Amino acid sequence: MEVYSITVATGTSEYSGTNNYIYVTLVGERGESERTLLDNPGLDFCRGAVDQYRVTSKAPLGRLLLVRLEKEKYFVEDNWFCRYVTVEPPGGNKLLTFPCYRWLIGNAKVEIREGAAKTLVEDSSARLLQHRRNELQERQNTFRWVTWAPGIPRCVDAKTEADLPQDVRFDNEKRSDFEHSLHYALLELSLKKLAITFGKSWNDLEDFKRIFWKLRSPIAEYCMDHWKEDWFFGYQCLNGSNPRMIKRCTKLPENFPVTSDMVQSSMPAKTSLEKELRAGNIYLLDYAIMEGIPANTIKGKPQFIAAPLCLLYQHPDEGLIPIAIQLEQTPSLDTPIFLPRDPPLAWLLAKMWVRHAEFQVFQVLSHLLRTHLVIEVFCVATLRQLPAVHPIYKLLAPHLRYTLEINCRGRTQLISPNGIFKRVVSTGGDGLLILAQREYKVLTYRSLQPQFDFSDRGVFQLPNYFYRENALMLWEAIHSFVSDMVNLYYRSDQDVQKDPELQAWIRDITEEGFTELPKFGLSNTLSSKEELSTLLAVAIFTSTAQHAATNNGQFDWCAWVPNTPCTMRLPPPSDKDAITMEMIMATLPDVGQSCVQMAITWHLGRAQPDAIPLGQYAEEHFTEPTAMELIEKFRMKLKEIEEQILDQNAGLDLQYLFLLPSRVENSITI
Ligand SMILES: [Fe+2]
């Protein structure tokens with residue numbers, strides 16, 4: 001009789017434990033063990049438990065291939081989340097770990113493999129090859145592509161999050177926190193709204209203070225005090241929620257006829273616009289993509305959208321400052337060029353219009369499209385094409401956690417025909433989809449790689465561009481980590497070319513996910529280790545750092561509503577001299593819209609209570625010491641970056657900590 005000692009680890013989140021019957025069978029090269037009911041005295045499979053059992057077999061099983069787990073109902077159905085199983089074969093042989101990290105629901109059976117990562121060519125056993133095929137077949141039936149809307153990346157076929165399998169759903173704590181937080185924020189702010197609606201006036205910018213929530217955001221408070229200052233406007237182009245919009249300008253666009261005289265007063269006497277254009281100190285924000293986007297109608301009232309151009313100057317003493325703003329793309333008598341020397345309210349309103357365009361571009365394009373939707377393509381393709389034993393599945397899985405559910409919730413609650421965008425945002429309704437479709441048409445794989453993004457925008461010279469500096473450090477660390485991992489599992493470029501699962505994965509990404517994108521620039525085959533490493537770095541960088549950079553500051557930059565208004569209720573001004581405070585207040589979001597803007601940006605931007613930081617792998621898919629060492633090396637590098645960023649920020653009034661590794665989540669979960 002052969003005796004195998006095993007341990008079975010149950011999940012740590014709520015409702016992971018079960019009182020149902022659990023059976024285990026060990027499957028070896030030379031046969032199967034007894035099908036054994038796992039039953040110790042007392043309760044088995046409690047939440048967080050690691051229970052020990054003995055499994056016997058009449059004859060030696062040879063090399064262990066699989067562990068089969070079966071769950072059977074005991075009176076009532078009770079789902080079980082199994083983390084892993086370890087097996088110690090007789091004779092003190094090496095302990096084997098079989099990662100599971102799956103739910104068993106109903107009368108369920110799963111077979112799990114030992115943790116050593118294997119590409120297809122490394123598997124010779126017919127049984128294991130069949131296991132790979134079955135797993136993929138099942139996943140392809142479960143996770144199907146669907147076109148939610150044309151002209152944007154395709155996504156998972158699920159009408160709501162309830163259609164998703166439990167394995168990709170939020171755990172119970174996350175779900176209740178998510179739902180509670182939104183209700184709490186909306187309720188809290190609707191009470192404020194009520195107090196104002198039936199109480200005092202809403203006719204001065206100071207009135208926004210009455211709904212302003214401090215909520216432990218020093219940046220939001222700083223914003224409230226400094227938002228009118230030109231340097232602060234410039235700072236947000238570099239380190240705000242949308243740090244990828246600013247470009248160097250070496251020649252003025254023809255539709256933006258700024259003259260030297262207009263901007264001379266913003267520059268030291270010894271220089272001029274021409275000189276500064278040549279010196280590379282002039283920058284541009286161009287929101288051409290907003291032109292003609294249909295504006296929302298909210299409660300019967302039309303909202304308004306502009307497509308501004310804003311010129312900025314890297315001033316030797318004052319830093320980056322805006323020096324000219326035109327609110328539409330076509331110059332005319334009705335679209336004056338606003339200047340800092342104009343009446344203060346005129347200049348302020350012009351800047352607000354730029355910031356309003358910024359809200360739309362940052363939410364719909366930089367955040368939703370370029371992180372959430374891009375990463376969903378990787379999620380679906382990875383689930384469909386890579387078995388759990390594949391090294392690239394193991395590498396990516398932690399960076400794809402919860403993304404399908406948050407995106408489903410986004411589609412049903414945020415951008416749906418009656419979602420939050422429709423209720424309060426100027427691009428709500430048809431606008432946001434058209435906006436996303438325009439960006440998607442010109443989206444390039446190159447622009448998802450930070451070093452190219454910065455060089456293509458010509459922004460390497462800009463000082464105090466903390467986002468750039470931190471993003472490059474993280475990119476470097478991630479790229480080096482994934483290259484090490486790729487080198488561990490692929491000896492040569494041919495190994496990459498000859499991995500049919502990997503090639504099916506890249507085809508799924510390019511042909512099923514990123515459809516209708518002839519200029520995207522990502523080939524549908526992977527021909528080298530370097531190509532694979534870069535693609536993995538793009539996926540991990542986008543799902544971690546880039547998402548954190550655009551998501552986590554939402555409340556900080558938008559809580560003070562005049563700084564980043566979600567909608568505008570009057571058209572852009574055409575006469576600089578006619579601008580009054582009354583007009584500004586009638587233009588900015590009303591009390592109700594402002595309350596929702598604060599509530600939703602708080603809900604989506606706040607640190608998640610169950611966040612797993614970048615590089616921390618709560619689920620240990622890799623079990624080999626070589627892979628674990630590389631993960632440890634990556635963590636050490638992240639620790640160094642953490643210290644470097646903290647040093648960089650020491651003593652700064654306005655700190656840039658969005659890319660602090662401990663604050664960057666390992667995947668898009670919100
Ligand atoms: Fe997000």
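Any Cβ shown, glycine's included, is placed from N, Cα and C.
TrEMBL: automatically predicted annotations, no manual curation.
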Q.
The Fe cation site in TrEMBL lists His367, His372, Ile670. Which one of His226, His479, His547 belongs there according to the record?
A. His547
Q) Looking at the binding-site residues Asp78, His367, His372, His547, Ile670, whose Cα is closest in space to that of Asp39 (Ca(2+) 2 binding site)? A) Asp78
(Q) Quick check: of the recorded positions listed here (Trp103, His367, Ile670), which one has the Cα closest to that of Asn40 (Ca(2+) 2 binding site)? (A) Trp103
Q. Beyond His367, His372, His547, Ile670, what residues of that chain have CB atoms within 8 A of the centre of the Fe cation site's CB atoms?
A. Leu368, Thr371, Ile406, Thr550, Asn551, Leu604, Ile668
(Q) If I take the alpha carbons of Gly17 (Ca(2+) 1 binding site) and His367 (Fe cation binding site), what is the distance between them in whole Å? (A) 36
Q. Near ligand 1, which of the recorded positions Asn40, Trp103, Ile670 are found, taking a Cβ distance under 6 A to any of its atoms?
A. Ile670
(Q) Is it possible to get the count of other C-beta atoms within 10 angstroms of the C-beta of Asp39 (Ca(2+) 2 binding site)? (A) 12
